[in-house]
Each structure stands twice: as C-alpha cells, then as structure tokens.
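The annotation S-adenosyl-L-methionine binding site is assigned in Swiss-Prot to N31, L33, G58, E79, D104, N130 on the grounds of sequence analysis.
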Amino acid sequence: MSNSPEIGSRTRTRAIMEKYGIRTKKSFGQNFLTDLNVLKNIVEAADITANDNVIEIGPGIGALTEQLAQAAGEVLALEIDQDLIPVLKEVLSPYDDVKVINQDVLQANLPELIKKEFKDPSRPIKVVANLPYYITSPILMNLLASPVEWATICVMMQKEVAQRLTAKPGTKQYGALTLAIEYQMQAKIAFDVSRKVFVPAPNVDSAIVVLTPRTNPLPVQPFDKQKLFGFIRGCFAHRRKSLWNNLQSVIGKDPAAKEKMTAVLNQLDISPQIRPEKLTLEQFIELANALHQQNLL
C-alpha cells in the first residue's frame, strides 16, 4: 500500500484535483466529500463486510471507493464523467478488487453488469452512493425497479429528500416517493452530514439513508405495481386539493365514473375530502384495487 494520505482527507483531495487539473462539474452534481470520519461512518452504516459485492454510484475521485475497498469483497464503481476514469484508475491502483467503469447507472443493465463484472456474483450485492441531488429520485426508482435483490442501499442525499423517504402519513414530507420506497424497503436516516465537509460546499446539508428489504410482507397486493404508482403519483399531483379532486383529475369527471368512485370510497370508509397524504400505502393499494374492479383504472 502507498504511504500517501487517504483520498478522503482534504489535503489529498486538493492534491489530486491540482495534479489532474480537476474542476468539479455542476452538470454532474459533483461535490467531493473530504471528511474521513464521515466516509468511514458511511461504510459502517451500509454494514459492508468482506463477503459483500458493492456497487458504488458516482465515485468522484475515489474517496469513498477507497474506504469500501478496505471493507468489501469486491467494489464496482460506476462513474458517468469520462474525465475522472483515468484519475480513479490511478489513485485506486493499490486495490486489486476495485473495478472502475464509465457508466451512467440509469442506462445500465444492472443484472448483466453484476454477472459480468464481479468475480463472484452470488455474494450479497449492496449499493453505496453519494448521489447528485438533482437525480436522486430517478436513480432510487431505477434501483428499485431492477430485478436485482439488493441486500442494502446506502445513499447520501439532500437532507430534505431523506426526510421525504422516511416520512409518516399526515406529514408534509409524505408523498409518492415515500410510498414507492415503503413498498419494497424499510428506510432509516443513519446520520446527517454538514455541507461544510464537501469541496465545493453545496447549498444544503445532507443525510445518509439506509434502505433494507421489507421483513414483513404487505397485507394486500396491488393488481398491478406500475399502475398503482402511476395512480399514487396522480393522487399527489395537487397536494393542497382533496383526494376527491385528485381522483377526478386521474379518472375523469364523467357522472357514471363519479358514481362508481363515490361507491368505492364509501365501501372503503375513506372520506372524499381527505388529503392524499393522510392515506397509508395499504389504503392506496386497496383503493387502486377497488377502482380497478370498477374498470376505472
């Protein structure tokens, strides 16, 4: 191993940026983390062991990658910025079980990538990422839509988004994203991260969120998962409006349809005037199923 300071130290980060002439790119939402304690705490929160395969999304200059390499069996780092690939390959060269590829995770065939790039694809697959704020939700949705069974997804994100992921019904943060996560995973905020530990410093603080597969199955299953979440997004399209007004936007104002919607709400004992954020995931599934039975969805 090299005697150089760890990549995540502020001095080494600045040295790497100077050596390679790196300027962070706003278009990729780049902010480099420069606090070794935070980096080590992320690895701990993700519960990385030598038996794990880790996919890291957006390694930047390799600060978190280095910490993951010291704990995991293998690390596959997906970096969208082609200019950083030679930098990563050089600074991470002391680690044999790290592979860096130029890849947009949203365009990746994740099952194929796992099969092709890991020496032992049968080991638990964990995702660890410092996600660009502007694309956090699409990346999370992409991971959850994948057929891969993730052992853990541990991501750094804007604190406000983290609060939405872990929100409870009836709160202003609760919404379609909360429900999409809850459908498959259990979410918890591991710890907050100050904006001051990044180069350059972002405008907001961050939080580390850990997602693990649900241990208790949903008591009711949707007639169609994709249609369920299209329906839920429609119900949250106008948050200040009642469920009834949102339902009319989703289903229409045809008198026959309105009569069926009224009957369904009565049957499920849901007030038409309730706000969508008051409904639980189970209630949304029951409502979608009942509307489907009436040929409204």
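Note that Cβ sites are derived from N, Cα and C of the backbone, with glycine treated the same way.
Counting only same-chain residues six or more apart in sequence, the Cβ atoms lying under 8 angstroms from the Cβ of D104 (S-adenosyl-L-methionine binding site) belong to L78, I80. Across N31, L33, G58, E79, D104, N130, which the record gives as binding S-adenosyl-L-methionine, the greatest C-alpha separation is 20 Å. The Cβ of L33 (S-adenosyl-L-methionine binding site) lies under 8 Å from the Cβ of G8, L39, G60, A63, L64, N130, M156, V193, V197, F198, each of which sits 6+ residues away along the same chain. Annotation note: L33 (S-adenosyl-L-methionine binding site) sits in a strand segment as assigned by DSSP. Around the Cβ of N31 (S-adenosyl-L-methionine binding site), the same chain contributes T24, N130, F198, V199, P200, A201, P202, each under 8 angstroms and 6 or more positions distant in sequence.
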